[in-house]
Amino acid sequence: MTQDQGEKSKVVISEDTYKDIITNELERIGNGGIFVWSLFFLCVLPNILNGFHVNSYTMLGYLPEDQWCEVDDLQSANWTEEQKRSIVHRDLESKGCTIWDWDYRELSKISYDEAYNYTAAMSEISLPTEIPCKAKGSYAYSSPDGTFVADWDLVCEKAIQRTSAQVFVSLGKFFGSFSFGMISDRFGRKTAFTLGAVFFMLSSIFCTFSPWYSLFLVGRFGLGSASSGLFYAAYAMLIENICLKHRSWMSLAFSGSYPIGMMLMALASYLIEEHWRYLQLSLTVPAMLLILNCYLMKESPRWLLTQKRYDRAYKIVFKQPSHYEIKKPAIDSTILSDKKIEEPTISKWQQLREGPLKHIIELFATSKVRKLIFTSYFMFCVTSLSYYVTALNAANMDVSRHLYVAITGLVDLPSLLLPVIMLRYSGRRITTMSLFFLTGIALIMVMVVPQESTVWIVAFAMLGRFGISATYSVVTLYTAELYPTEIRGSALGTCSTWAHVGSISAPYAVDLLGPLGWYIPTTICGCCVLVAGLLTLTLPETGTGKLVDRVEEVPSESNTDAECDEVNKTKN
C-alpha cells in the first residue's frame, strides 16, 4: 500500500473524539502493569540522585578538625610540629589564622629550648605584632584529604567562600525551578528532563575533577539547577500519567526517594574517607544512569494532548501509529476580512499590567490577598530555612556527620505520613499550626539541653526536623488552596522564590552563627517557626473542599470559618 492510500484509509473523527480515545486508553494503562511501574522507576531514580548531591556539603566541605600555620622559615629547623606551634601560636585563639611576628629565620638557627626561652622573655617585655598566617607561611591540616576546604584553603579570611559551595546549590535551585519549569511547559517534560540530566552529569564531572574552586562552584550551581529540572519534570510526568488509584502512594514514594538518597550518601561517605574527590566520584558515577532514563522515557502523553500533537500521543499510548485523522473545520465564508476595526491605543504600562504583570499585581491588589501572600511568604521562607539548617547543622552539634545525615534522612520518611493522618481528622489551618508549634518547641529545646548531652540535643533537633519536613508538605497544599485559580500559579511561584531565600540563608546561619553558639541556628529557626504558627491563625480554613476562581471571591477568615461550621453540621 502506498503512503497516499494509507492516508486515505484513515478514519476521520473530531478532535474531541480523538482526545477521548487517547485519554481513555491512558487511564486504562495508567491503572497498572508495565507502563505504571516502568514510569515510576524512571521518575524515582533522579530524585534519589538529588538526595546525593544537594546534601553532600556536610560530607565534602566540613572544617578540618585541627588547623595550624606552617611557617616557611621554620622548615629547616630540626623541631617537631608541636614545638613549632608552641612558638608560632603561643596563647593565640585564632585557630591557626594568625601567628606572632617573630624573626623566624633567626630562630630556626638555634635550638628549640633557646628559641622558646627567648620568645617567652621577649613576650613579657613587649608582645610582637599578630599577623595573618599567609604573611609568613601557609595553612596545614590534620587529615586534609577528606574535605575540599584544605584543597583551596577555605578558612580564616576565606571561610565565607566555603559556605558558597552550598549557597551556589540553592542559587541553582532558584534558577532551575522557574527556568526548567518554563522549558517543561513550553517544550515538553522529556525535553526538560533530558536537558536537566545533561546538566546534572556535566556538573557532577566538574565538581569531581575541577582544579579550581570557581569551576567547582559552577558545578555546584549546575547541580542545583539540574536537580530542579529533574525533579519537576519527573514529578509532572508521574502525576500526569498515573491513575488516581496509584497517584497518592506513588507521589508519597516519590518524595520518600529523596531521603533515601541522603542515607545512601551518608553510607558512601562513611565507607570512602580517603579523599573527598573519591566520594564525589562515587556520587557522580550513578548519575550516568540518567542516560538510560533519557533513552527509555517517552514524552508525557497528557502534555502532548495539550499541544494538540495527537498522533504522537496515540503512538506512545497504543504503541502503534495512529489510524485516525482529525476532521478539518469548515471555513466560515461570512468572515469579512476587508474591514479594519480601529482599536484604542494602549500604553506600554497598560500592556504590562494586562499582560506579564497582571497576575503579580493581583497578588497585592486587595487587602485580603495581601495578608495571605505576605503570611505565605514568611511561612515558606522559615520552613525552608529550618529544613536546611537541620540538615547542615551536624558540625555545631559535635556529632558524627555520617550518623547525623543518615538519621536526618531516616526521620524524613515517616514525616511524610504524619500530614496524611492529621489532615484526615482536622483542617488545614489546625494541622499547619500544630506542626509549626511542634517544630518550634523542639528546636528551642535544643538550647535548653546542656552541650554535653549530645544524645538529647540530636533527639530534639531530629524532632524539629521531623516536624518541619511534615510542615513543608502541608504548607504547599494549604497555600495552593488559599488562592483563587487565576493567581494560584503566581502565588506558588513567588512563594517558592521566598523558600529559596530561606535555603540560601541556611548555610550562613550554620557556618557564621554556629561558631558563636552551637544553639543559635536552631534557636533562631525555632522562634521564627513559632511566629509562623501564630500567623497561621490569621489565615482562613480551606478544608471545605471549595476552591475559588477569582480574586473578588477570596473569603475573609470569619466567612470561611462559618462555612466550615456549616459543613461540620451537615456531616453530623
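Note that Cβ sites are derived from N, Cα and C of the backbone, with glycine treated the same way.
Per TrEMBL, the feature transmembrane segment maps to 34-52 (among others).
Feature annotation from TrEMBL assigns domain 'Major facilitator superfamily (MFS) profile' to 39-544. When averaged over the domain 'Major facilitator superfamily (MFS) profile' (39-544), pLDDT in the model lands at 84.
Sequence annotations record features per position, and here TrEMBL assigns transmembrane segment to 192-215 (among others).
Here the transmembrane segment (221-239) has long-range neighbours at 39-40, 42-44, 46-47, 49-50, 53-54, 168-177, 179-181, 183-184, 189-190, 192-193, 195-197, 199-200, 202-204, 206-207, 247, 250-251, 254, 290, 297, 300, 303, meaning same-chain residues at least 6 beyond its ends whose C-beta is under 8 angstroms from one of its own. According to TrEMBL, the feature transmembrane segment maps to 221-239 (among others).
Among the features that TrEMBL reports, transmembrane segment is placed at 251-272 (among others). Same-chain residues lying 6 or more positions outside the transmembrane segment (251-272) and placing a CB less than 8 Å from one of its CB atoms are 40, 43-45, 47-52, 55-56, 59, 234-235, 238-239, 278-279, 282-283, 401-403, 405-406, 408-413, 416-417, 420, 473.
Residues 38, 42, 45-46, 49, 52-53, 56, 59-60, 190, 193-194, 197, 200-201, 204-205, 207-208, 230, 265, 268-269, 272 of the same chain lie 6 or more positions beyond the ends of the transmembrane segment (278-296) yet place their CB under 8 Å from a CB of it. Here TrEMBL flags 278-296 (among others) as transmembrane segment.
Residues annotated as transmembrane segment in TrEMBL: 372-390 (among others). Counting only same-chain residues 6+ beyond the ends of the transmembrane segment (372-390), those with a CB under 8 A from a CB of the stretch are 170, 363-364, 408, 432, 439, 443, 461-462, 464-465, 468-469, 471-472, 475, 479, 482-483, 491, 494-496, 498-503, 505-507, 509-510, 521-522, 525-526, 528-529, 531-532, 535-536, 538-539, 554.
Look at TrEMBL and you will find 402-423 (among others) tagged as transmembrane segment.
Here TrEMBL flags 430-449 (among others) as transmembrane segment. When Cβ-Cβ distances below 8 Å are used as the criterion, the transmembrane segment (430-449) is approached by residues 379, 386, 390, 418-419, 422-423, 456-457, 460-461, 463-464, 466-468, 470-471, 474-475, 478, 519, 522-523, 525-530, 532-533, 536-537 of the same chain, each at least six residues removed from its ends.
Beyond the transmembrane segment (455-478), the same-chain residues lying 6 or more positions past its ends with a Cβ under 8 Å from any Cβ of the stretch are 255, 379-380, 383-384, 386-387, 390-391, 393, 397, 399, 404, 407-408, 411-412, 414-416, 418-419, 422-423, 428-429, 431-432, 435-436, 438-440, 442-443, 445-446, 449, 492, 522, 525-526, 529, 539, 542. What TrEMBL records for 455-478 (among others) is transmembrane segment.
A Cβ distance under 8 Å defines the sequence-distant neighbours of the transmembrane segment (516-537), meaning residues of its chain 6+ beyond its ends; these are 375, 378-379, 382-383, 385-386, 389-390, 393, 396-398, 429, 432-433, 436-437, 439-444, 446-447, 451, 461, 464, 468, 471, 509-510. The transmembrane segment feature in TrEMBL is assigned to 516-537 (among others).
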